[in-house]
Amino acid sequence: MLKIGVVGCGAIASLITKALMSDRLNKAEVLAFYDGNLEKAEKLAMETGADFCRSLDELVSKDLDLIVECASVTAVEDTVIKSLNNGKDVIIMSVGALADKDLFLKLYKLAEKLGRKIYIPSGAIAGIDAVKSGSLGKISDVTLTTTKPVHGLKSALEEQGLNTDEIKEPKVVFEGTVFEAISKFPQNINVSVVLSLASRYPAKVKIIADPNAVVNRHEILVKGSIGTIKTCVENNPCRDNPKTSALAAYSVIRLIKDLSEPVRIGT
């Protein structure tokens, strides 16, 4: 049995937990929750029968195998460091934090030193297995074009001074590097960092706000010595959190299942 603790108790954490609870094979179980908003953690703990923790330190000190970070980019560093130092492996959902090269290296070296693992799920995009394999050759270009409903980008756009009510047709709201993208859209474009890490090449990112869109669309183009990789995924937004795709949560569930099963498919 894989014993799991969860940091961050929003819609994604709830979806992951309930999916694992419904798994008939029962090879993984969420046993404890923590959130900076204690009411959220207590509510999810009561709904699932798991432990409610009042601090991150309390959570990572428990008898757990794996910590799943579902909180925010700002929570990643503290969560991962404390988890690793307490003998736990970690899944990072807010992978945008790893656009910070210094932080990535810091966490990488700590995990290596302690003999622990940091897992980064593929998230809401397809083709990461092929991109990882292709990165063993020479990559010459990586491009991500993401189209989302305006309401899914609303908070990030308004922070940049854009009136989302004035967007009446598809509008390019960002075009630049992965580092700029995750800085301006920290809750919307984690996939750009996953893609960049998998390819070992900084992705060029374009974000389109579409008032008529009902899905989150991610188009990937990777060119290199292995040839060309093109993928396009149209994801349904998470029902309770339209900033992200339901597939992002399912990628974590699949990863947890892979960790608890004897056969793993794919790179």
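Using N, Cα and C of the backbone, Cβ positions are placed for all residues, glycine too.
These come from Swiss-Prot:
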BINDING   A124, N190  NAD(+) binding site
ACT_SITE  H218  active site
Chain-internal residues, separated by at least six, CB under 8 A from H218 (active site): A124, I125, L144, T145, T146, V191, T231, C232, V233, N235
Site with most surrounding Cβ atoms, counting all protein chains shown within 10 Å, from the binding-site residues A124, N190: N190
Three-state secondary structure, H218 (active site) (per DSSP): strand
